[in-house]
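Peer 1: These came from TrEMBL, pasted as-is:
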type: COMPBIAS; residues: 51-65; note: compositional bias 'Low complexity'
type: COMPBIAS; residues: 223-234; note: compositional bias 'Basic and acidic residues'
type: DOMAIN; residues: 64-211; note: domain 'CFA20'
type: REGION; residues: 51-74; note: region 'Disordered'
type: REGION; residues: 219-256; note: region 'Disordered'
Amino acid sequence: MSLLSGTIQPPLLSLLSSTSEPPLSPLFRQHTDQSADSSITFVEDTTSSLLSAGSSSSAPSRSTPHTQVKSESKGCISHNVIHIQSPKLRKTYIQAGRSRSEYLRNIEKAKGKGRALDEEASMSVSLPLGIELPWLSLQLKRLGRREISFEVGIVDQKGREGVVRFSSFKHNPTAHPYHNPPLIHLPLQLPSITQSTLTSWLHIPINLSSLLPLFSKLPRPQADPHDDDNHENGNGDADGVISNRKRRRISTTSKVSELPGGNFASVSYIRVYANCRIRRIWFSAEGEKTIRSMGKNVQDEWELYAAAAGQVV
């Protein structure tokens, strides 16, 4: 069961647009760290890239107050944007949808306790998205030189789910088959910012269907103190990566048959962590080709013409 199951999906589906009202639709839930310097808010892009501790951390809306710390103009866009800020990257994020594996576990848990999960109750629980378009595109801007990260849950045609995490601090791609659901962690290469850079906004297009084979091909992380999977937290379980100690308690035989692979079916959820600003998130059938096929008006609305391209490596 998913949010869009049984629906006819257009070739272009916008999940988030900061120019909409509200900027974050009810599809998104928010998680904010208790740290005083963490916030998810709605700002003009010309404000300082880092907000003061007194800035609002309430749900983004056009009436949300925020601190105008400093005016910036070079490379800014003339739109309001979603601003996600935290000293601990993975403690603050927005998320649309839900892991299919988590959703099914909760249903089984409810049944095990003798509670019938009727349709009304199930609809009150965040459902997997069920987006069947294989291309994901994001328009993001990192906050200063802080690292950024986001992840996507993808499901293959046999119903097997995996999580693809992209991080700018990651140096080498790794697979984590013991994670539930299995996870691959990929480096996100961001262009260097120089004096000649027109804007620090990024356009990141990703063909999700091309990533499914990586679940069985990528190397697993070794017991290396320099492993970069955990970034600043140093806590594998909290970050969704199983620690070495816990891994040793699990059978060393990987259940390869349960790893996703083959053909792409749908997206279950997307989560964007701090520290970034977001203008738009959308899915499409053929990436940039879809945008170009829909005419100049759509292309003008969607494009950030001076934005550099972030790359998955």
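Yeah, the Cβs are placed from backbone N, Cα and C, and that goes for glycine too.
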Peer 1: Across the domain 'CFA20' (64-211), what is the average pLDDT of the model, as a whole number?
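Peer 2: Result for the domain 'CFA20' (64-211): average pLDDT 84.
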Peer 1: Can you tell me how the residues of the domain 'CFA20' (64-211) break down into helix, strand and coil by DSSP?
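Peer 2: Residue counts for the domain 'CFA20' (64-211) by secondary structure: 26 helix, 52 strand, 70 coil.
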